[in-house]
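Here's the structure we're looking at; comments come further down.
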Amino acid sequence: MFTKIVVLAAYFAMVILLGFLARGRLSEKPSQYFLAGRGLKGFVLVGTIAATNFSAFTVFGASGAGYRDGLAFFPIMGFGTGFMAVTFWLLGRRIWEMGRKHELVTPAELIQVIYGNKWLSALFALVMVFFTVPYLALQPLAGSKVLGGLFGMPTWAGAGLVTLIIMGYTLRGGLKAVAWTDVLQGFLMLFLLIAAIFMVTGHHGGWTAAFKKALATDSSLFSRPGPRGMYTPFMFFSFIFLWFFCDPMFPQLFQRFYSAKTKKDLAKSAVWYPIICTSVFCLPIGLGLLGRLSFPELAGSTSDNIMPLLMTEVAGEFMGTLVLAAGLAALMSTMDSQLLTLGSIFSRDLWPLITGKQVTTGGQSRIFVFALALAGLAVALNADTTILQLGITAFTGLAVLFPCVFFGLILKNPHPKAALVSILVGELFVGLYHFKLLPSFGFLPAVPVIVVSLASYLAVQIASGGLKTQGVKKAELMFLAGFGAIFILSQDFWQWGQVGNLYLGWPGWAWYFVFLSLAQFGLTWWWVKNTLAEPLFAESTVNQGLTDGASMGLGK
């Protein structure tokens, strides 16, 4: 027990110290506190974008899914979350350019600039907050699982401790602190997950022997649709489809696009993210699968505890505690970013609309960050579902916002009515599916929800202002067609229901998705090289600009 306490205390102290060293002045402008002065460069930007997305879901949700469904979950995360990095360049460079030109801080401020409608901006901000709080709640919920496994702490104590520590350095240092702690925690997570999988495979006779033993135990762990029959071709398509539309709408990721120092720095994230995702997600999913060898009877949400259980059994006390710190690193690097971004939305988008008063300093914004941390903790303490299920609910609601942003950026005359209708209709369908009032025809509800949202936008836009585009050239369309081909190739229905030959312990169909990620890496590099220097917007293409102290509440 003493060793566990020392290891965790040292880790928490290191994170807090780095956060304090990276802090800015308490009186800095919001762009300094929330965007690190728009000065994040390649290495730090890539690290904070990756670590921000590698949440508790990565370590605990993915390992739990690996336990329940085996390698059927690997292409969904290892390829699918990397594929959505196409939007880093498709949308991200446009968001970056608009952010620089109009000194934007929050996602809703972009909507105000594009559409010039404060009520649409307010709705956009409210939806982001409403569906991000459940995702925020995943982090202390997962933290309580780690600390409960290590020390037997009750859920409220573990979740509360994690929330308190994250609030400490986030309130103190803003994005500057968050970005550097993200990089530290991202590398720590990767290093410790690698150590974990080698410890577990070593415990079972080596890498190849361990996976062969798991194959002999249950061959369905090595094929699709997996042991529970969950990941059918329709369901697989659904997850890839959902990630593409929802991930760039995560407010903490959206805001990272503003914070890049140059477009070249942002380009590095788009190029490297697919490789990072494939490399990272194979680890917790593989660990979850191998957990079947030691704990074959876990059911429901208890399977999300497989990582703490496995490490406690396989690793010594010191290394076991270190490896579980990887899970804490993942969840902390997401929760700090979520708190910071939601704090900016409340202080710049919602508070001015409600009170008519501006929040002009980082010090004032910290109050909202503190309140949101408590809200996320409250949701976490009352959640009764698996980490995966809780996440998907939040992801679907956020995906509805994609048409509003995408069409707003590429159309010359986007109409606010089109955006408003797409959000309202989309969220209506989210509610109908949540209460199981509509059939989803074998897909995740996210698929019909997103289709309806896209169709609603296009129908109103065609009736209101047409579909003339800006900043989209024929050469770029060719690259997008290439990414479309990669997406089609990922729907490998011909490999369903078979294990096939194993290569380094994994079946050939799983390696197929590694090669698809490499293909995306190469195509993205080529795309970026050919489009990096191109300006995307003329001065006349936006409805209204904002200054650093302004909010969307001042729009028309």
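FYI, residue positions are counted from 1 along the chain as it appears here.
Heads up, the Cβ atoms here are built off N, Cα and C, so glycines get one too.
Annotated features in TrEMBL:
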TRANSMEM  43-65  transmembrane segment
TRANSMEM  71-91  transmembrane segment
TRANSMEM  150-171  transmembrane segment
TRANSMEM  183-202  transmembrane segment
TRANSMEM  230-250  transmembrane segment
TRANSMEM  271-290  transmembrane segment
TRANSMEM  310-331  transmembrane segment
TRANSMEM  367-383  transmembrane segment
TRANSMEM  389-411  transmembrane segment
TRANSMEM  418-435  transmembrane segment
TRANSMEM  477-497  transmembrane segment
TRANSMEM  509-528  transmembrane segment
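Residues 49, 53, 58, 62, 65, 221-226, 230-231, 236, 239-240, 243-244, 247-248, 257, 266-267, 269-270, 273-278, 281-282, 285-286, 289, 405-406, 409, 480, 483, 486-487, 490, 506-507, 510, 513-514, 516-517, 520, 524, 527-528, 531 of the same chain, all 6+ positions outside the transmembrane segment (71-91), place their C-beta atoms under 8 angstroms from a C-beta of that stretch.
With pairs at least 6 apart in sequence, the transmembrane segment (310-331) and the transmembrane segment (509-528) have fewer than 3 Cβ pairs within the 8 Å limit; the two do not touch. For the transmembrane segment (389-411), the list of distant contacts is 57, 61, 91, 94-95, 98, 107, 110-111, 114-115, 120, 124, 127-128, 130-132, 134-135, 137-138, 141, 242-243, 245-246, 248-250, 383, 418-419, 422-423, 426-427, 430, 433-434, 444-446, 449-450, 453-454, 456-458, 461, 465, 467-472: same-chain residues at least six beyond its ends, Cβ to Cβ under 8 Å. Outside the transmembrane segment (230-250) by six or more residues, the chain places 52-53, 68-69, 72-73, 75-76, 79-81, 83-84, 86-88, 91-92, 128, 132, 135, 224, 392, 395-396, 398-399, 401-402, 405, 441-444, 446-447, 450, 487, 490-491, 493, 496 with a CB less than 8 A from a CB of the stretch. Against the transmembrane segment (183-202), stretch 310-331 has more CB pairs under 8 A than any other of 43-65, 271-290, 310-331, 418-435, 477-497. The listed stretches are 43-65, 310-331, 418-435; of these, 43-65 has the most Cβ pairs under 8 Å to the transmembrane segment (271-290). Through the fold, the transmembrane segment (367-383) approaches residues 133-134, 136-141, 144, 155-156, 159-160, 163, 166-167, 170-171, 335, 338-340, 342-343, 346-347, 351, 359, 390 of its own chain, all at least 6 residues removed from its boundaries and within a Cβ separation under 8 Å. Sequence-distant contacts of the transmembrane segment (43-65), counting only residues of its own chain at least 6 positions beyond either end whose CB sits under 8 Å from a CB of the stretch, comprise 73, 77, 81, 88, 135, 138-139, 141-143, 145, 178-180, 182-183, 185-187, 189, 193, 247, 250, 252-253, 256, 259-261, 265-266, 268-269, 272-273, 276, 280-281, 284-285, 287-288, 291, 301, 303-307, 326-327, 329-331, 333-335, 337, 386-388, 391.
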